[in-house]
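Taken from TrEMBL, the feature domain 'Major facilitator superfamily (MFS) profile' applies to 85-469. Look at TrEMBL and you will find 86-110, 116-138, 150-166, 172-197, 209-233, 239-259, 289-316, 328-348, 355-374, 380-403, 415-438, 444-463 tagged as transmembrane segment.
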Amino acid sequence: MVGALEFEAGASNVSSLTPIAVEMKPLCNSQNGEELLQSTEDPVPRDGRAGTEEVELGIRDACQPPESAVNALQQWNNPRINMWRVFACCWSFFIAGGNDGAYGALIPYLETYYDLSYTVVSLIFLSPFVGYSLASLLNNAVHVKFGQRGVAVIGAACHLTTYVVVCTHPPYPVMVIAYIVVGFGNGIVDAAWCAWIANMVSGNQVSGFLQASYSLGATIAPLIATAMITRAGWPWWTFYYFMVGGSAIELAVLTAAFWKQTGEVFRLENPRDPSVKVGRTREALSNRLTWIFAIFILGYVGAEVSLGGWIVVFMAKVRSASKFDSGMSATGFWAGMTVGRLVLGFATEKFGERLSVIIYLAIAVGLELIFWLVPSIVVSAIAVAFLGFIFGPLFPTATVLLTKMLPKHLHVGSIGFATAFGGSGGAIFPFIVGAIASAKGVKVLQPVILALLALISALWLMLPRLPQKDHEAEAGKKLQEFWSWLGWERENRNPRD
(Lines of atoms letter the chains of each structure in order from A and count residues from 1; the text may use other names and numbers.)
(Lines give C-alpha, C1' and ligand atoms only; values in the text may rest on other atoms or scores of the structure.)
Protein backbone atom coordinates (compact mmCIF):
# COMPACT_ATOMS: atom_id res chain seq x y z
CA MET A 1 0.00 0.00 0.00
CA VAL A 2 1.06 3.60 0.32
CA GLY A 3 4.09 4.04 2.52
CA ALA A 4 3.75 7.73 3.22
CA LEU A 5 1.94 10.88 2.27
CA GLU A 6 3.96 14.09 2.34
CA PHE A 7 2.79 17.63 1.90
CA GLU A 8 4.65 20.85 1.14
CA ALA A 9 5.48 22.66 4.33
CA GLY A 10 3.83 26.00 4.83
CA ALA A 11 1.34 25.55 2.01
CA SER A 12 -1.35 28.20 2.18
CA ASN A 13 -4.03 26.52 0.13
CA VAL A 14 -5.18 23.14 -1.07
CA SER A 15 -4.01 23.67 -4.65
CA SER A 16 -0.38 23.80 -3.54
CA LEU A 17 -0.48 20.48 -1.67
CA THR A 18 1.00 17.53 -3.49
CA PRO A 19 0.44 13.92 -2.36
CA ILE A 20 3.36 11.61 -3.00
CA ALA A 21 2.77 7.89 -3.28
CA VAL A 22 5.91 6.04 -2.21
CA GLU A 23 4.75 2.83 -3.83
CA MET A 24 2.01 3.04 -6.40
CA LYS A 25 1.74 -0.44 -7.85
CA PRO A 26 -0.29 -2.18 -5.09
CA LEU A 27 -2.58 0.84 -4.84
CA CYS A 28 -3.22 0.92 -8.56
CA ASN A 29 -3.90 -2.81 -8.66
CA SER A 30 -6.94 -2.25 -6.46
CA GLN A 31 -10.25 -1.33 -8.02
CA ASN A 32 -9.27 2.22 -8.99
CA GLY A 33 -7.87 2.67 -5.50
CA GLU A 34 -11.35 2.44 -3.94
CA GLU A 35 -10.29 0.05 -1.16
CA LEU A 36 -7.67 2.49 0.02
CA LEU A 37 -9.96 5.48 -0.40
CA GLN A 38 -12.62 3.90 1.81
CA SER A 39 -10.17 3.31 4.65
CA THR A 40 -8.11 6.49 4.43
CA GLU A 41 -8.57 8.94 7.29
CA ASP A 42 -7.70 12.62 7.19
CA PRO A 43 -3.88 12.78 7.46
CA VAL A 44 -4.06 16.37 8.67
CA PRO A 45 -6.70 18.37 10.61
CA ARG A 46 -9.40 20.19 8.66
CA ASP A 47 -8.03 23.67 9.25
CA GLY A 48 -7.94 24.66 5.58
CA ARG A 49 -5.29 22.07 4.77
CA ALA A 50 -5.65 18.76 2.92
CA GLY A 51 -8.05 16.11 4.07
CA THR A 52 -9.55 12.92 2.70
CA GLU A 53 -10.96 14.68 -0.35
CA GLU A 54 -7.54 16.01 -1.35
CA VAL A 55 -5.82 12.67 -0.75
CA GLU A 56 -8.54 11.00 -2.80
CA LEU A 57 -7.90 13.42 -5.64
CA GLY A 58 -4.19 12.59 -5.67
CA ILE A 59 -4.78 8.85 -5.55
CA ARG A 60 -7.26 8.91 -8.42
CA ASP A 61 -4.93 11.05 -10.47
CA ALA A 62 -2.16 8.51 -10.06
CA CYS A 63 -4.29 5.41 -10.55
CA GLN A 64 -6.74 6.26 -13.27
CA PRO A 65 -6.31 7.58 -16.78
CA PRO A 66 -6.97 11.28 -17.22
CA GLU A 67 -10.38 10.84 -18.78
CA SER A 68 -11.73 9.22 -15.63
CA ALA A 69 -10.28 11.84 -13.33
CA VAL A 70 -11.55 15.04 -14.87
CA ASN A 71 -11.62 16.78 -11.49
CA ALA A 72 -7.85 16.35 -11.25
CA LEU A 73 -7.20 18.14 -14.53
CA GLN A 74 -6.14 21.75 -14.59
CA GLN A 75 -8.14 24.44 -16.34
CA TRP A 76 -6.80 27.29 -18.45
CA ASN A 77 -8.05 29.78 -15.83
CA ASN A 78 -7.79 27.73 -12.63
CA PRO A 79 -5.50 28.26 -10.81
CA ARG A 80 -5.38 31.89 -11.98
CA ILE A 81 -1.65 31.72 -12.77
CA ASN A 82 -2.60 29.36 -15.60
CA MET A 83 -4.07 32.28 -17.56
CA TRP A 84 -0.64 33.91 -17.60
CA ARG A 85 1.05 30.61 -18.39
CA VAL A 86 -1.29 29.81 -21.28
CA PHE A 87 -0.67 33.28 -22.71
CA ALA A 88 3.09 32.76 -22.39
CA CYS A 89 2.83 29.38 -24.15
CA CYS A 90 0.76 30.92 -26.94
CA TRP A 91 3.38 33.66 -27.41
CA SER A 92 6.11 31.01 -27.55
CA PHE A 93 4.17 29.17 -30.27
CA PHE A 94 3.62 32.46 -32.10
CA ILE A 95 7.41 32.88 -32.31
CA ALA A 96 7.90 29.25 -33.41
CA GLY A 97 5.26 29.74 -36.11
CA GLY A 98 6.93 32.92 -37.31
CA ASN A 99 10.18 31.00 -37.59
CA ASP A 100 8.67 28.21 -39.71
CA GLY A 101 6.40 30.43 -41.76
CA ALA A 102 9.22 32.71 -42.88
CA TYR A 103 11.13 29.90 -44.62
CA GLY A 104 8.94 29.80 -47.69
CA ALA A 105 8.93 33.56 -48.22
CA LEU A 106 12.71 33.86 -47.81
CA ILE A 107 13.88 30.87 -49.89
CA PRO A 108 13.99 32.75 -53.23
CA TYR A 109 16.06 35.53 -51.66
CA LEU A 110 18.41 33.12 -49.90
CA GLU A 111 18.99 31.40 -53.24
CA THR A 112 19.96 34.69 -54.85
CA TYR A 113 21.96 36.14 -51.95
CA TYR A 114 24.06 33.01 -51.35
CA ASP A 115 23.90 31.75 -54.99
CA LEU A 116 22.59 28.31 -54.00
CA SER A 117 20.73 25.44 -55.66
CA TYR A 118 17.41 24.07 -54.36
CA THR A 119 19.23 21.20 -52.67
CA VAL A 120 21.72 23.36 -50.79
CA VAL A 121 19.20 26.01 -49.76
CA SER A 122 16.98 23.19 -48.45
CA LEU A 123 19.59 22.51 -45.76
CA ILE A 124 17.92 25.30 -43.79
CA PHE A 125 14.93 22.92 -43.51
CA LEU A 126 17.07 19.89 -42.69
CA SER A 127 19.35 21.35 -40.02
CA PRO A 128 16.55 21.86 -37.45
CA PHE A 129 16.03 18.08 -37.65
CA VAL A 130 19.22 17.63 -35.63
CA GLY A 131 17.88 19.99 -32.99
CA TYR A 132 14.47 18.31 -32.94
CA SER A 133 16.12 14.90 -32.55
CA LEU A 134 18.12 16.09 -29.55
CA ALA A 135 14.97 17.61 -28.06
CA SER A 136 13.07 14.32 -28.42
CA LEU A 137 15.77 12.55 -26.39
CA LEU A 138 16.39 15.24 -23.75
CA ASN A 139 12.90 16.65 -23.23
CA ASN A 140 11.96 14.33 -20.37
CA ALA A 141 15.36 14.75 -18.68
CA VAL A 142 15.00 18.54 -18.80
CA HIS A 143 11.56 18.28 -17.18
CA VAL A 144 12.77 15.96 -14.41
CA LYS A 145 15.90 18.02 -13.68
CA PHE A 146 14.75 21.60 -14.25
CA GLY A 147 10.97 21.40 -14.63
CA GLN A 148 8.93 23.68 -16.86
CA ARG A 149 11.13 26.55 -15.71
CA GLY A 150 14.07 24.95 -17.48
CA VAL A 151 12.03 24.44 -20.65
CA ALA A 152 10.97 28.09 -20.60
CA VAL A 153 14.50 29.44 -20.26
CA ILE A 154 16.26 26.99 -22.60
CA GLY A 155 13.66 27.09 -25.39
CA ALA A 156 13.36 30.87 -25.52
CA ALA A 157 17.14 31.33 -25.23
CA CYS A 158 17.66 29.04 -28.24
CA HIS A 159 15.30 31.22 -30.29
CA LEU A 160 16.94 34.48 -29.25
CA THR A 161 20.47 33.23 -29.87
CA THR A 162 19.66 31.99 -33.38
CA TYR A 163 17.93 35.17 -34.50
CA VAL A 164 20.75 37.38 -33.26
CA VAL A 165 23.17 35.32 -35.37
CA VAL A 166 20.93 35.39 -38.48
CA CYS A 167 20.59 39.18 -38.24
CA THR A 168 24.28 39.41 -39.10
CA HIS A 169 23.59 37.51 -42.40
CA PRO A 170 26.56 35.19 -41.76
CA PRO A 171 28.04 32.69 -44.24
CA TYR A 172 25.49 30.04 -45.16
CA PRO A 173 27.17 27.20 -43.18
CA VAL A 174 26.81 29.33 -40.03
CA MET A 175 23.12 29.80 -40.86
CA VAL A 176 22.70 26.04 -41.07
CA ILE A 177 24.36 25.52 -37.68
CA ALA A 178 22.28 28.30 -36.12
CA TYR A 179 19.12 26.56 -37.23
CA ILE A 180 20.16 23.42 -35.36
CA VAL A 181 19.88 25.54 -32.22
CA VAL A 182 16.47 26.92 -33.18
CA GLY A 183 15.33 23.36 -33.97
CA PHE A 184 16.21 22.29 -30.43
CA GLY A 185 14.34 25.28 -29.03
CA ASN A 186 11.26 24.56 -31.13
CA GLY A 187 11.35 20.87 -30.23
CA ILE A 188 11.55 21.38 -26.50
CA VAL A 189 8.84 24.05 -26.19
CA ASP A 190 6.60 22.25 -28.67
CA ALA A 191 6.69 19.06 -26.64
CA ALA A 192 6.37 20.71 -23.24
CA TRP A 193 3.50 23.09 -23.89
CA CYS A 194 1.56 20.57 -26.03
CA ALA A 195 1.73 17.95 -23.26
CA TRP A 196 0.74 20.40 -20.53
CA ILE A 197 -2.21 22.02 -22.33
CA ALA A 198 -3.54 18.85 -23.99
CA ASN A 199 -4.14 17.39 -20.52
CA MET A 200 -6.38 20.29 -19.43
CA VAL A 201 -10.14 20.33 -19.20
CA SER A 202 -11.52 21.00 -22.72
CA GLY A 203 -8.13 20.12 -24.13
CA ASN A 204 -9.28 20.28 -27.76
CA GLN A 205 -10.34 23.91 -27.51
CA VAL A 206 -7.35 25.11 -25.47
CA SER A 207 -4.91 23.16 -27.66
CA GLY A 208 -6.65 24.68 -30.66
CA PHE A 209 -5.87 28.17 -29.39
CA LEU A 210 -2.28 27.17 -28.66
CA GLN A 211 -1.76 25.79 -32.15
CA ALA A 212 -3.65 28.75 -33.65
CA SER A 213 -0.98 30.97 -32.11
CA TYR A 214 1.63 29.01 -34.06
CA SER A 215 -0.39 29.37 -37.24
CA LEU A 216 -0.92 33.09 -36.64
CA GLY A 217 2.84 33.56 -36.38
CA ALA A 218 3.31 31.53 -39.55
CA THR A 219 0.66 33.69 -41.25
CA ILE A 220 2.13 37.04 -40.27
CA ALA A 221 5.78 36.14 -40.86
CA PRO A 222 5.67 35.66 -44.67
CA LEU A 223 3.37 38.67 -44.93
CA ILE A 224 5.86 40.91 -43.14
CA ALA A 225 8.89 39.39 -44.86
CA THR A 226 7.33 39.67 -48.33
CA ALA A 227 6.23 43.27 -47.76
CA MET A 228 9.62 44.31 -46.36
CA ILE A 229 11.51 42.84 -49.31
CA THR A 230 9.18 43.54 -52.25
CA ARG A 231 7.58 46.81 -51.10
CA ALA A 232 10.15 48.49 -48.87
CA GLY A 233 13.20 47.08 -50.66
CA TRP A 234 14.93 46.04 -47.44
CA PRO A 235 17.35 43.07 -47.38
CA TRP A 236 15.98 39.70 -46.28
CA TRP A 237 17.78 39.57 -42.93
CA THR A 238 16.03 42.67 -41.57
CA PHE A 239 12.98 40.49 -40.97
CA TYR A 240 14.90 38.81 -38.16
CA TYR A 241 15.09 42.08 -36.24
CA PHE A 242 11.41 41.46 -35.49
CA MET A 243 12.21 37.90 -34.44
CA VAL A 244 14.89 39.10 -32.01
CA GLY A 245 12.39 41.40 -30.31
CA GLY A 246 9.70 38.73 -30.20
CA SER A 247 11.98 36.07 -28.75
CA ALA A 248 13.25 38.50 -26.09
CA ILE A 249 9.64 38.99 -24.99
CA GLU A 250 9.19 35.21 -25.10
CA LEU A 251 12.14 34.69 -22.76
CA ALA A 252 10.77 37.24 -20.29
CA VAL A 253 7.15 36.07 -20.17
CA LEU A 254 7.90 32.33 -20.11
CA THR A 255 10.50 32.68 -17.36
CA ALA A 256 8.16 34.78 -15.22
CA ALA A 257 5.18 32.48 -15.76
CA PHE A 258 6.95 29.18 -15.04
CA TRP A 259 9.59 30.31 -12.54
CA LYS A 260 8.08 28.29 -9.68
CA GLN A 261 7.69 25.14 -11.81
CA THR A 262 10.98 23.51 -10.89
CA GLY A 263 12.15 19.95 -11.40
CA GLU A 264 11.08 19.07 -7.87
CA VAL A 265 7.55 20.30 -8.55
CA PHE A 266 7.40 18.27 -11.76
CA ARG A 267 8.53 15.09 -10.00
CA LEU A 268 5.95 15.57 -7.23
CA GLU A 269 3.12 16.19 -9.68
CA ASN A 270 4.07 13.26 -11.92
CA PRO A 271 4.87 10.31 -9.62
CA ARG A 272 5.61 6.94 -11.13
CA ASP A 273 5.82 3.35 -9.97
CA PRO A 274 9.21 2.89 -8.23
CA SER A 275 9.21 -0.78 -9.26
CA VAL A 276 9.72 0.31 -12.88
CA LYS A 277 13.48 0.29 -13.30
CA VAL A 278 13.71 1.95 -16.71
CA GLY A 279 13.63 5.71 -17.15
CA ARG A 280 10.49 7.60 -18.11
CA THR A 281 11.67 8.16 -21.66
CA ARG A 282 12.44 4.47 -22.20
CA GLU A 283 9.10 3.48 -20.69
CA ALA A 284 7.33 5.88 -23.06
CA LEU A 285 9.26 4.58 -26.05
CA SER A 286 8.27 1.01 -25.22
CA ASN A 287 4.62 1.95 -25.72
CA ARG A 288 3.24 1.22 -29.21
CA LEU A 289 0.96 4.27 -29.16
CA THR A 290 3.94 6.59 -28.75
CA TRP A 291 5.38 5.40 -32.05
CA ILE A 292 2.08 5.52 -33.93
CA PHE A 293 1.55 9.12 -32.87
CA ALA A 294 5.18 10.03 -33.52
CA ILE A 295 5.03 8.78 -37.11
CA PHE A 296 1.59 10.36 -37.58
CA ILE A 297 2.92 13.74 -36.49
CA LEU A 298 6.07 13.21 -38.57
CA GLY A 299 3.93 12.84 -41.68
CA TYR A 300 1.52 15.61 -40.75
CA VAL A 301 4.18 18.21 -39.96
CA GLY A 302 6.10 17.15 -43.05
CA ALA A 303 3.04 17.86 -45.22
CA GLU A 304 2.28 21.12 -43.40
CA VAL A 305 5.75 22.65 -43.58
CA SER A 306 6.42 21.32 -47.09
CA LEU A 307 3.29 23.08 -48.32
CA GLY A 308 3.95 26.24 -46.35
CA GLY A 309 7.63 26.26 -47.25
CA TRP A 310 7.44 25.55 -50.98
CA ILE A 311 4.11 27.12 -51.93
CA VAL A 312 5.79 30.42 -52.85
CA VAL A 313 8.20 28.70 -55.24
CA PHE A 314 5.45 26.43 -56.63
CA MET A 315 3.11 29.34 -57.37
CA ALA A 316 5.90 31.35 -58.99
CA LYS A 317 7.44 28.55 -61.09
CA VAL A 318 4.45 26.33 -61.91
CA ARG A 319 1.50 28.74 -61.77
CA SER A 320 3.53 31.76 -63.04
CA ALA A 321 2.24 34.00 -60.24
CA SER A 322 3.98 37.24 -59.28
CA LYS A 323 6.29 37.34 -56.27
CA PHE A 324 3.73 39.23 -54.23
CA ASP A 325 0.85 36.90 -55.18
CA SER A 326 3.04 33.88 -54.43
CA GLY A 327 3.83 35.27 -50.99
CA MET A 328 0.14 35.92 -50.35
CA SER A 329 -0.63 32.27 -51.20
CA ALA A 330 1.60 31.19 -48.33
CA THR A 331 -0.13 33.72 -46.10
CA GLY A 332 -3.51 32.27 -47.12
CA PHE A 333 -2.38 28.77 -46.18
CA TRP A 334 -1.26 29.78 -42.68
CA ALA A 335 -4.29 32.06 -42.19
CA GLY A 336 -6.59 29.16 -43.06
CA MET A 337 -4.77 27.00 -40.53
CA THR A 338 -5.18 29.67 -37.84
CA VAL A 339 -8.95 29.86 -38.39
CA GLY A 340 -9.25 26.07 -38.57
CA ARG A 341 -7.57 25.62 -35.22
CA LEU A 342 -9.77 28.24 -33.60
CA VAL A 343 -13.05 26.95 -35.06
CA LEU A 344 -12.78 23.21 -35.64
CA GLY A 345 -11.69 22.38 -32.08
CA PHE A 346 -15.32 22.81 -31.01
CA ALA A 347 -16.51 20.43 -33.74
CA THR A 348 -13.84 17.93 -32.72
CA GLU A 349 -15.04 18.05 -29.12
CA LYS A 350 -18.58 17.25 -30.29
CA PHE A 351 -17.88 14.43 -32.75
CA GLY A 352 -14.85 12.93 -31.00
CA GLU A 353 -11.20 12.97 -32.01
CA ARG A 354 -11.09 9.75 -34.03
CA LEU A 355 -14.07 10.40 -36.32
CA SER A 356 -13.25 14.08 -36.76
CA VAL A 357 -9.72 13.43 -38.01
CA ILE A 358 -10.97 10.81 -40.50
CA ILE A 359 -13.35 13.42 -41.95
CA TYR A 360 -10.66 16.12 -42.02
CA LEU A 361 -8.19 13.89 -43.85
CA ALA A 362 -10.74 12.83 -46.48
CA ILE A 363 -11.51 16.49 -47.23
CA ALA A 364 -7.78 17.32 -47.31
CA VAL A 365 -7.13 14.70 -49.99
CA GLY A 366 -9.88 16.18 -52.16
CA LEU A 367 -8.54 19.73 -51.77
CA GLU A 368 -5.00 18.60 -52.54
CA LEU A 369 -6.17 16.99 -55.79
CA ILE A 370 -7.88 20.25 -56.78
CA PHE A 371 -4.73 22.22 -55.95
CA TRP A 372 -2.63 19.86 -58.06
CA LEU A 373 -4.85 19.24 -61.08
CA VAL A 374 -6.52 22.62 -61.71
CA PRO A 375 -3.92 24.91 -63.36
CA SER A 376 -5.32 28.22 -62.13
CA ILE A 377 -3.66 30.78 -59.85
CA VAL A 378 -6.97 31.72 -58.20
CA VAL A 379 -8.15 28.12 -57.72
CA SER A 380 -4.74 27.09 -56.37
CA ALA A 381 -4.70 29.98 -53.88
CA ILE A 382 -8.23 29.18 -52.67
CA ALA A 383 -7.54 25.44 -52.44
CA VAL A 384 -4.36 25.93 -50.44
CA ALA A 385 -6.15 28.29 -48.02
CA PHE A 386 -8.84 25.66 -47.39
CA LEU A 387 -6.12 23.02 -47.03
CA GLY A 388 -4.68 25.11 -44.22
CA PHE A 389 -8.14 25.31 -42.64
CA ILE A 390 -8.57 21.52 -42.69
CA PHE A 391 -4.97 20.86 -41.60
CA GLY A 392 -5.48 23.14 -38.60
CA PRO A 393 -6.98 20.82 -35.98
CA LEU A 394 -4.99 17.68 -36.86
CA PHE A 395 -1.98 18.32 -34.61
CA PRO A 396 -3.83 19.47 -31.45
CA THR A 397 -6.41 16.70 -31.84
CA ALA A 398 -3.68 14.06 -32.01
CA THR A 399 -1.99 15.30 -28.83
CA VAL A 400 -5.30 15.45 -26.95
CA LEU A 401 -6.19 11.89 -27.97
CA LEU A 402 -2.78 10.64 -26.86
CA THR A 403 -3.33 12.06 -23.36
CA LYS A 404 -6.60 10.12 -23.19
CA MET A 405 -4.92 6.85 -24.16
CA LEU A 406 -1.86 6.96 -21.88
CA PRO A 407 -1.37 7.19 -18.10
CA LYS A 408 -0.46 10.65 -16.82
CA HIS A 409 3.15 9.92 -15.88
CA LEU A 410 3.86 9.04 -19.54
CA HIS A 411 2.35 12.22 -20.99
CA VAL A 412 5.51 14.32 -21.08
CA GLY A 413 7.68 11.43 -22.25
CA SER A 414 5.30 10.17 -24.95
CA ILE A 415 3.92 13.49 -26.17
CA GLY A 416 7.36 15.02 -25.85
CA PHE A 417 8.93 12.34 -28.00
CA ALA A 418 6.03 12.23 -30.47
CA THR A 419 5.93 15.99 -31.02
CA ALA A 420 9.69 16.48 -31.07
CA PHE A 421 10.40 13.45 -33.25
CA GLY A 422 7.34 14.11 -35.36
CA GLY A 423 8.24 17.77 -35.64
CA SER A 424 11.41 16.73 -37.40
CA GLY A 425 9.14 15.96 -40.35
CA GLY A 426 9.12 19.71 -40.86
CA ALA A 427 12.84 19.44 -41.53
CA ILE A 428 13.08 16.17 -43.44
CA PHE A 429 10.29 16.39 -45.99
CA PRO A 430 10.81 19.99 -47.14
CA PHE A 431 14.45 19.03 -47.72
CA ILE A 432 13.35 15.96 -49.70
CA VAL A 433 11.05 18.15 -51.79
CA GLY A 434 13.91 20.55 -52.45
CA ALA A 435 16.32 17.77 -53.39
CA ILE A 436 13.85 16.17 -55.83
CA ALA A 437 12.83 19.59 -57.17
CA SER A 438 16.43 20.26 -58.18
CA ALA A 439 16.18 17.36 -60.65
CA LYS A 440 12.48 17.13 -61.51
CA GLY A 441 11.11 20.60 -60.79
CA VAL A 442 9.03 21.93 -57.90
CA LYS A 443 5.89 20.26 -59.31
CA VAL A 444 6.93 17.17 -57.30
CA LEU A 445 5.51 18.96 -54.25
CA GLN A 446 1.97 17.68 -54.90
CA PRO A 447 2.59 13.90 -55.09
CA VAL A 448 4.76 14.13 -51.97
CA ILE A 449 1.91 15.81 -50.07
CA LEU A 450 -0.60 13.20 -51.27
CA ALA A 451 1.70 10.37 -50.19
CA LEU A 452 2.04 11.90 -46.72
CA LEU A 453 -1.73 12.28 -46.40
CA ALA A 454 -2.17 8.61 -47.32
CA LEU A 455 0.43 7.61 -44.71
CA ILE A 456 -1.12 9.52 -41.83
CA SER A 457 -4.63 8.34 -42.78
CA ALA A 458 -3.49 4.71 -42.53
CA LEU A 459 -1.81 5.36 -39.18
CA TRP A 460 -4.90 7.04 -37.76
CA LEU A 461 -7.06 4.05 -38.65
CA MET A 462 -4.67 1.82 -36.67
CA LEU A 463 -5.56 3.55 -33.38
CA PRO A 464 -7.78 1.67 -30.92
CA ARG A 465 -11.25 3.01 -30.22
CA LEU A 466 -12.00 4.74 -26.92
CA PRO A 467 -15.38 4.49 -25.16
CA GLN A 468 -17.56 7.28 -26.52
CA LYS A 469 -18.86 10.08 -24.35
CA ASP A 470 -22.60 10.73 -24.51
CA HIS A 471 -22.33 13.78 -26.78
CA GLU A 472 -19.91 11.97 -29.10
CA ALA A 473 -22.25 8.97 -29.38
CA GLU A 474 -25.17 11.28 -30.15
CA ALA A 475 -23.17 13.10 -32.82
CA GLY A 476 -22.10 9.80 -34.36
CA LYS A 477 -25.71 8.60 -34.37
CA LYS A 478 -26.83 11.73 -36.22
CA LEU A 479 -24.05 11.33 -38.76
CA GLN A 480 -25.03 7.70 -39.30
CA GLU A 481 -28.67 8.74 -39.80
CA PHE A 482 -27.56 11.29 -42.39
CA TRP A 483 -25.65 8.67 -44.40
CA SER A 484 -28.60 6.27 -44.10
CA TRP A 485 -30.85 8.98 -45.48
CA LEU A 486 -28.53 9.42 -48.46
CA GLY A 487 -28.63 5.66 -49.03
CA TRP A 488 -32.44 5.66 -48.90
CA GLU A 489 -32.49 8.44 -51.49
CA ARG A 490 -30.29 6.38 -53.80
CA GLU A 491 -32.45 3.29 -53.36
CA ASN A 492 -35.66 5.18 -54.21
CA ARG A 493 -34.26 7.11 -57.14
CA ASN A 494 -35.58 6.27 -60.63
CA PRO A 495 -33.06 3.83 -62.18
CA ARG A 496 -33.22 5.74 -65.47
CA ASP A 497 -32.14 9.03 -63.77
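Even glycines carry a Cβ here, placed using N, Cα and C.
Sequence-distant residue pairs (6 or more apart) of the transmembrane segment (150-166) and the transmembrane segment (380-403) include fewer than 3 whose Cβ atoms are under 8 Å, leaving the two stretches without contact. Contact between the transmembrane segment (209-233) and the transmembrane segment (116-138) is not supported, since fewer than 3 Cβ pairs fall under 8 Å when only residues 6 or more apart in sequence are counted. Here the transmembrane segment (239-259) touches the transmembrane segment (86-110). Their Cβ atoms form 3 or more pairs under 8 Å, with each pair 6 or more residues apart. If you average pLDDT over the domain 'Major facilitator superfamily (MFS) profile' (85-469) in this model, you get 88. For the transmembrane segment (328-348), the partner stretch with the highest count of Cβ pairs under 8 angstroms, out of 172-197, 355-374, 380-403, is 380-403. Proximity of distant same-chain residues to the transmembrane segment (355-374), defined by a Cβ-Cβ separation under 8 Å and at least 6 residues beyond the stretch ends, is recorded for 344, 347-348, 380, 383-384, 386-387, 390-391, 393-394, 397-398, 446-447, 449-450, 453-454, 456-457, 460-461, 472, 475-476, 479.
Remark: the transmembrane segment (172-197) makes no contact with the transmembrane segment (444-463), by the rule of 3 or more CB pairs under 8 A. Among the stretches 86-110, 116-138, 289-316, 415-438, the one making the largest number of Cβ pairs under 8 Å with the transmembrane segment (444-463) is 289-316.
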